[in-house]
Amino acid sequence: MALVTLWISILVVLLCGGPSLVGTESGDANSSASPTAAGLHCQNCPQLTLKVDFSTSIIEHEYIVVFNGYFTARARSHFIASALRSSTALDWHIVPRDNPASDYPSDFEVVQIRQAARESLLSLQDHPYIKRVTPQRKVFRSLNFFDDSPCNDTRWTQKWQSSRPLRRTSLSLGSGFWHATGRHSSRRLLRAIPRHVAQILQADVLWQMGHTGSGVKVAVFDTGLSEKHPHFKNVKERTNWTNEKTLDDGLGHGTFVAGVIASMRECQGFAPDSELHIFRVFTNNQVSYTSWFLDAFNYAILKKMDVLNLSIGGPDFMDHPFVDKVWELTANRVIMVSAIGNDGPLYGTLNNPADQMDVIGVGGIDFEDNIARFSSRGMTTWELPGGYGRLKPDIVTYGSGVRGSGMKEGCRSLSGTSVASPVVAGAVTLLASTVLNRELVNPASMKQALIASARRLPGVNMFEQGHGKLDLLRAYQVLNSYQPQASLSPSYIDLSECPYMWPYCSQPIYYGGMPTIVNVTILNGMGVTGRIVDKPIWQPYLPQNGDHIDVAVSYSPILWPWAGYLAISISVAKKAASWEGIAQGHVMVTVASPAENDSQVGGELTSTVKLPVKVKIVPTPPRSKRVLWDQYHNLRYPPGYFPRDNLRMKNDPLDWNGDHIHTNFRDMYQHLRSMGYFVEVLGSPITCFDASQYGTLLMVDSEEEYFPEEIIKLRRDVENGLSVIVFSDWYNTSVMRKVKFYDENTRQWWMPDTGGANVPALNDLVSVWGMAFSDGLYEGDFTMADHDMYYASGCSIALFPDDGIVIAQTLKDQGLEVLKQETAVVDNVPILGLYQTPSEGGGRIALYGDSNCIDDSHRQKDCFWLLDALLQFTAYGMTPPSLSHSKNRMAPPTSTERPLPERLEGNHLYRYSKVLEAYLGDPKPRPLPACPHLSWAKPQPLNETAPSNLWKHQKLLSVDTDKVTLPNMRAYRPQVRPLSPGESGAWDIPGGIMPGRYNQDVGQTIPVFAFLGAMVVLAFFVVQLTKVRSKPKRRKPRVKRPLFLQQSPQTHTGRTPTV
């Protein structure tokens, strides 16, 4: 009995008191013995919060001249001189660039032109060897480290501090490493060894197989690296591309990124034996130029880099020299990994270059597998307004509280997608070193392996997690059984699968609705260039009602580099107008690429991929429930400088989120869906939709002009029963000239091309009903219909029909504050108007002067209740009593002493407008474009059953992960020893690798088998004890036998028990 008690006591200690031995998860997070809890206020923890500000500005008089090929410096100078010879430019010269790429041919030059700049630019662009001329850009990044929280605290303190016109946030929050994992608590026998992200992702399994990144060249574009940093053993080259005479890292950011990728000790990286190439592209003052990046990119191509990490980004996907150079990099087989951005949780905040198809865009999660709040969300906005955004990010991984190398020595923890990016870059480097045939590794095949092996996070949609969480070992298995092929991202379309397929799954489709567009990316692992053979084929499944939908397909004529698009437009067939159910089919696409190693001239590799399609169809809803969102007249940065709608947001002055119902108006869309409305998007002119199908046209924050034909058609539509709701914003030319969006970092002025909205264009649209907005600019808190409201830089109503309803409020004159720095309160500012048109069966019109209350970007107080009330008015003619009988109701302003707003003289809106074009210095409307016409694919029906699980049904072709086995790591695990006081939490192992280092939570087989074995032993003794107590007659002989056996060996050995 004593022996049983002893065994049970030992097992209790092992199971309850020693999770550090088996690495099991404890549920007691508040244990008094937990170093996780006790360590929250440690004194010497190198835990920092990093606040990053980014800005960019155009350098006056400097231009980047991009050529059609690579030429020597002498040839480039000759081309520029010959181009400018015909112009009047006298004061110009080529800006010298002293860097490692100066001795090699280049495809661009930086030219300074101080006289006759416009004429000179036209002369340069006309030269046959010059591809493009763009302004030189200066980039400023501010990295501010401060001790903001206890070392193991994981508080979200997102700050918007940047005062830049182009927000590029690379790192934001630092969070505690142990606490962020949320896995270990009680530590009675041993001190916990801090875990590093490489071990958490099980890189040590590949290390044990002899894969350590050897032979892979990694480029780190950042702030440099010290020459004798103790964490690195294989720094092949450090280059400086700045105007400072140093190669060292004066900020620590570049050192941290390099450490996550390739550190060999303490806070270990993924690939310690990789060849590390450090590109210092930022000064210690955190300044860079586009030309520095272009030169450094050219040098990376010349040195044949394999992997490139770029932990910066911004919204300017139309920065052509930069974007073109990224394409060139990937076309030269450089795998680029880039941070997706730290502008979450707002949607439509993806940064470039991570939003490009050929780049691996990385989002961030914490150690609880939650999407990090700071991680930017999709969709891409390149395709708006006519199309729909692509799926991004590609993948997510740990980016919160990750440990990396300190600037001189030691480790620290940082957070942000700029941390998640080197995690993936390090994993890619390690994976590339495991492939024997390196020719199989390219930007497409690596991305295919990562997304095919990613583990989907539950309850998270596709625009937050991409394809899921990085799984290093599964990616290794996929990559090492990979055959060149094409694949799709996403690999299937299921409009009924929520929440992953949000927003597609949030609204069923129906007959007569706008086509649902799904923008699919084609990844071509067979070669850098490819094409689609013939045309994609639509094959509906007849047993699953596939003939109830029509499909149109458009696609890239050429897949380059490594990728292209496949746009699927889905509509409901007329015979399903009153039908409800699920319809399925698939699209077949065949991709061909030139065979690089084929001895036959003109040989091709082909790959056929299948895109399953599954949709939910409902009967066409009534007209009153259908709302049409006007996307066509919303403009955003880039290419023009369109300002934010709230002038108080000086730290974020650009309107760059797309103004789409699935980006910065996502909450409004979700609210309307919850209220039973069906919301569709109009990506073409007003002349291109059937107004009889819709109850309300919703026009919010419109910056675009209107075609004369649109104005005429809208008047006719309203007479026939269409209603219109307009949410406007500020527009004041004096304020635009005064504000100019001064960038405090770069000390540059930016003149906006419109105000928050294009009020003069809106006035042209509604003037036929005697309505107009003013150029007044107001803000303030107030109460309307018992709801607290905030008016953020809105305008007022200048004119309204006398039989309409107008609501006024007392607000502050923000325009006066901006222009004269004076404060004034204005009574009876008309901000809301409701009007029933007089024609029989005519529609209704509602105007409101501010859109910030329904915009997610900087919303302080939502006014969704007001939108509900306006829709009740426009759809059903029901005027809410809280508005019609409001004490703030006033007589409509039927005349105005002040002139109505006029367009800013000399504005450049025509450069970015779909409506205007330049004409003798006075822009005029373009010819009305034809309405989009879809060519529906001819169906090839299949009389067979569709697959039931589209997600699991999809996988890469010719990949069998069962054939790629992983070693049993149990034999390689060393014993865990206690750490002496003051000893480092990481062990230094000669050679820079930790092949046998104990890693808690990573070797998952050890804790499982240890626990099961202990439970079996415990169960055995419990059963024996139970039998002894339940059978008293057999108790004596069963006890004597083990006592006899125990006493026998004592007799033979001559031992006598001691008392």
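From the backbone N, Cα and C atoms, a Cβ is placed for every residue, glycine too.
Predicted, not measured: the structure shown is a model, and the values here were computed from it.
Annotated features, as they stand in TrEMBL:
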{"type": "DOMAIN", "residues": "58-137", "note": "domain 'Membrane-bound transcription factor site-1 protease-like N-terminal'"}
{"type": "DOMAIN", "residues": "213-468", "note": "domain 'Peptidase S8/S53'"}
{"type": "ACT_SITE", "residues": "D222", "note": "active site, charge relay system"}
{"type": "ACT_SITE", "residues": "H253", "note": "active site, charge relay system"}
{"type": "ACT_SITE", "residues": "S418", "note": "active site, charge relay system"}
{"type": "DOMAIN", "residues": "489-620", "note": "domain 'MBTPS1 third'"}
{"type": "REGION", "residues": "882-901", "note": "region 'Disordered'"}
{"type": "COMPBIAS", "residues": "1031-1041", "note": "compositional bias 'Basic residues'"}
{"type": "REGION", "residues": "1031-1059", "note": "region 'Disordered'"}
{"type": "COMPBIAS", "residues": "1045-1059", "note": "compositional bias 'Polar residues'"}
Check: Cβ under 8 Å to the region 'Disordered' (882-901), counting only same-chain residues 6 or more beyond its ends: which ones?
Finding: 731-733, 759-760, 763, 770, 772-775, 784-786, 797-809, 828, 830, 832-834, 869
Check: Near D222 (active site, charge relay system), which residues of its chain come within a Cβ-Cβ distance under 8 Å, counting only those 6 or more away in sequence?
Finding: D249, H253, G254, V257, A258, I278, F279, R280, V281, F282, N309, S311
Notebook entry, point to check: Per DSSP, what is the residue tally for the region 'Disordered' (882-901) in helix, strand and coil?
Noted result: 3 helix, 2 strand, 15 coil
Margin query: For a quick check of packing: other C-beta atoms within 10 Å of the C-beta of H253 (active site, charge relay system), how many?
Written below: 27
Note to self: Could you give me three numbers for the domain 'Membrane-bound transcription factor site-1 protease-like N-terminal' (58-137), the DSSP helix, strand and coil residue counts?
What the structure shows: 21 helix, 33 strand, 26 coil
Note to self: Could you give me three numbers for the domain 'MBTPS1 third' (489-620), the DSSP helix, strand and coil residue counts?
What the structure shows: 12 helix, 67 strand, 53 coil
Next item on the list: Please average pLDDT over the domain 'Peptidase S8/S53' (213-468) for the predicted structure.
Entry: 94
